[in-house]
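Here the structure comes first, spelled out in structure tokens, and everything after it is commentary.
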């Protein structure tokens, strides 16, 4: 476009603007519906790179609506457009403002852009609507509400690509028809249509004269053909204020209402809103009177509206006019009319006119009375009353009441102290009744003067906050003159630890409450001094009403507290009595700890306080600390050449899962009526108590036996550690077993370990220190258990009986329960032994006696749920231990049973090897099955053992401080003496029929056997363990009996040397290494 054409275009636009301003006839609207903030925006399709369609005025006015409508949004107040196309660079994709683009498509700060400017891009950059801002036409419609009357100048700062703006009805859209199709007017307020192959100037404007309070239709149409899109919109108000981009508070939308007849206001300058109201009133005239009154009101949209009120007065009937005369104090006659509504006898309401004539009263009918009041000036009022004269006629009397300020005697002045720094005066009015029964107003003037310095008290208190807090509390104290006085207490709270604050209340002879803070230093159990704050509150009381009492308590410091009680004296009057309670720390012996099992999953600690009366007759508080620990399963382990099997059993009644030997299955089906004995054993820092608890933790004991072999499994309390074994056996190895269980309340999962104690065995003395006291109590009973027998992967269950022994051990406040099942056997053993522990290196003397005898017990045998009772002999084992003068007695009953176990046999192939040459033979074998449960997973272990012909018997006995076991295997004899720290375990042992068929398996035991007499040193770690012996057939062992004899001879020599001097020990070690 040339410069000449450009100038002509601007002149035309200016001329059109002047015409609009001069005419002042822009059409406005007054929609009656509910207005909504913002404008509605409709989106229409526009072809990419179409640079001709948007240059058509008809298209920009209404032709766009023929295109595909893409959607719409509402409530938009920020109506400017500023869209930037994306730039895809090596550093990422970012919107690039048009003013930052350069060269052959590059963007400042991002470098060269690899994408094209001439393609369509989708985004929600236009009013949140997902479309292609690069090529689109949109229409904005709404109502502009001018806040002032005057000229409004709208402006497009720049246009890219084409836009128009129209203001006014019949130009933008018709009133109350915002959502209708666009009208065909091309009389644009701002014409920003881009000419064909040309450009537009900046800052295109259009001016409209608008009247405040009217709604003017506003429409903006914008088209973009490619790439960037720009349309900043602003308006300048008559007062010079400019609104840019955000038009909130200026643009609104209304729903269409085509039926509203008065929606369009063609010329607001001559528009007036008026209403006519007609009212009818009765009057005393004889004709109808009509009058008109004009008022101006403001309507809801802020417009002034003229209101015409037509008043019609009609004559009332004579009977509805009432005239009344009243005297008054004026000097002239006053007439007034009052209108009331009365209901006649016909039930119809009728207007009644009351004419009130007030005439001046005669001087004699006027009464004047004077009353005092609390005001500061004289008040005069008139009251009208009616009196009846001597002639019986009523007469109006006027009473003039003059209220004068009250005399000085009715004014009371009181002075009160207060904590302010200036004098405060206030007036309070009260009503009192005089002797004449009449109420009288009394004025009380209260003067508050600053109190003297002595009435302000400052106290410091500790608190648990992290900063210093200052507050003021007002209290009232009564002095000796009986007058109340305000006292100000300034409380300063300083941070301190929570546990070091003590508050005590003390009576005193003063007349007010005194609060003070005392700081003392106490030394804690760690030896460190700590500041303690004691808040002392002293309350007034008579000297004789103070009582002090001292009580013991379990704290580590002295506590003083004050308790207030009310007593009634002989005069019947209540009196406050102050009781000062001083609690002093009790001795350590008044704190008792007890441990109880419970079914919870955690350890619970609670404290119970009881009061006991000592020998001096004084009550003393005793603190009982109750520790409840959960009962859990006890783990037992079986060590063998094939590894370790761990099983755990927890049940409300004992369950035995036997590990069968390779040569048979043991089934016990009898029960023993329980008898119990209570004993005690003192050991290091442990308290042992025993009781039968069916729901407590149980330990599963493995049982091994043959059909012709019986076993005795005593329950014992013994020691293990370094042990000396004297063995006479023809076997090539030894066997040992014990039961290991964890303390369920121990903080670790290791085996229980106790400090060493002194024990004595034959031919050996050992010295060690004794720990603090431990007590053991054991009780026994019988129960029915389920025995599972398996063959060829088929298992059956049967009911059997066993003796149940339960013991509890308390170490450092942690209690462990041990349960033992003692099977009923046929072995009879009667033997007594004695052991003596001598005092060495200052340790205490201990004497251990073990006796075994037989007695008769009642046995219940059950089969197919039918039980019978028989009398049977039983072995009674008794052990006593004396440590520090405390004796522990442990008794075990094991019945002598005649029950034989049932076995199952099958044919197996036996491979025998000698000197590297192996041969296979077929032999009958006993099949047994063992089960192990780990984490609720059950594993079945079958064992096949070729049958043997030898028989053996086993007898064992228990010793509290020592353990001595005698094993009969043909001509073999085994004696074991054990010295170690005290360990609690249940011992179960059986022997097989073969003298060469015993295999020892213990992770911490080294044993050497010989054919003759062999001295074997066994070293065992401090533990509580469980071992179950297993047998191995002679045919499965490598080597001949000759070789075994030769090795045993070396072993015998080595063991003999071990008991000699140091040189002998060295030689013995070489011999053992050769073996």
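Glycine too: its Cβ is placed from the backbone N, Cα and C atoms.
Checking Swiss-Prot for region '2 X 20 AA approximate tandem repeats, Ser-rich' across the ranges 147-186, 667-706 points to 667-706.
Mean pLDDT for the repeat '1-1' (278-322) in the predicted structure: 74. Proximity of distant same-chain residues to the compositional bias 'Low complexity' (322-345), defined by a Cβ-Cβ separation under 8 Å and at least 6 residues beyond the stretch ends, is recorded for 281-282, 284, 351-361, 365-366, 382, 384, 396-398, 400. Helix first, then strand, then coil: DSSP counts for the repeat '1-8' (593-637) stand at 0 helix, 32 strand, 13 coil.
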